[in-house]
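Q: Per Swiss-Prot, the features are:
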| type | residues | note |
| --- | --- | --- |
| SIGNAL | 1-23 | signal peptide |
| LIPID | Cys24 | N-palmitoyl cysteine |
| LIPID | Cys24 | S-diacylglycerol cysteine |
| TRANSMEM | 58-78 | transmembrane segment |
| TRANSMEM | 135-155 | transmembrane segment |
| TRANSMEM | 179-199 | transmembrane segment |
| TRANSMEM | 209-225 | transmembrane segment |
| TRANSMEM | 231-251 | transmembrane segment |
| REGION | 263-307 | region 'Disordered' |
| COMPBIAS | 271-288 | compositional bias 'Polar residues' |
| COMPBIAS | 293-307 | compositional bias 'Basic residues' |
Amino acid sequence: MKLTLNRILFSGLALSILFTLTGCVGRDAHGNPKGMIWEFLGKPMSYFIDYFANNAGLGYGLAIIIVTIIVRTLILPLGLYQSWKASYQSEKMTFLKPVFEPINKRIKQASSQEEKMAAQTELMAAQRAHGINPLGGIGCLPLLIQMPFFSAMYFAAQYTKGVSTSTFMGIDLGSRSLVLTAIIAALYFFQSWLSMMAVSEEQREQMKTMMYTMPIMMIFMSFSLPAGVGLYWLVGGFFSIIQQLITTYLLKPRLHKQIKEEYAKTPPKAYQSTSSRKDVTPSQNMEQANLPKKIKSNRNAGKQRKR
């Protein structure tokens, strides 16, 4: 159940990223980008790509890389904040495992659907009582703020005039590149592997599918788009690795120490359910309770007939 939910959430998130990148910026009748995101973000990015390519004489390939580095550096704090939230929830779950383990055991050993649902409800209540939100680590707001920048840069790399007719290190930026696609896939696979190293063995088993989902998605997108856009994904892969390294070796150790000190002062207590277990056979009890009344009523009816 939990593994299936994680797969659904991650697959939905991956598809949302793809649709958002193509949906934040609209197109006119001629297929050119338009809309508020393009006007306020995409056009300035396209201008700087053109500036670095022509005025600075760096070429369009290097220009895309430089502008992508600038954009990703500006929004890196949002990505780190998102990682911090997810890591905080993960670390708390690790420390609170002894509290939730008995309830999880009851869920696995439930003999009926009603018993399983009751245990799941109790688990959710216990998580709320200890400040755990299963979806709290996703960090929707930082992700939503980043999406317009991703989308604008995506379209700037694709539609800036001159990109499609240029080359970079022997790669035609207007055509698909198998070499670039392979490098991008390797980068995102390495980033996924790094993220697996930062979690417990149990969580690692649950995240195996997610480890391959992102690289496969990046292969699909990189190979179906021109190499100019692939350079954008390439730089994004390096930044994803940088963000993951900061999360794994800086954020998580600090959070682990912080939460350990918090629970050392106030150790977590086992959750006490406030609701009592209900009788699963209320109809039988009611029938037994009403039985004497029925008998008494029948006796009175017999006396009346004798009279």
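Including glycine, each Cβ sits where the backbone N, Cα and C put it.
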Q: Where among 179-199, 209-225, 231-251 do we find the most Cβ pairs under 8 Å to the transmembrane segment (58-78)?
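A: Out of the listed stretches, 231-251 contacts the transmembrane segment (58-78) most.
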Q: Counting only residues 6+ away from its ends, which parts of the chain sit with a Cβ under 8 Å from the transmembrane segment (179-199)?
A: 87, 90, 171, 207, 210-212, 214-215, 218-219, 222-223, 227, 230-231, 233-234, 237-238, 240-241, 244-245, 247-248, 252
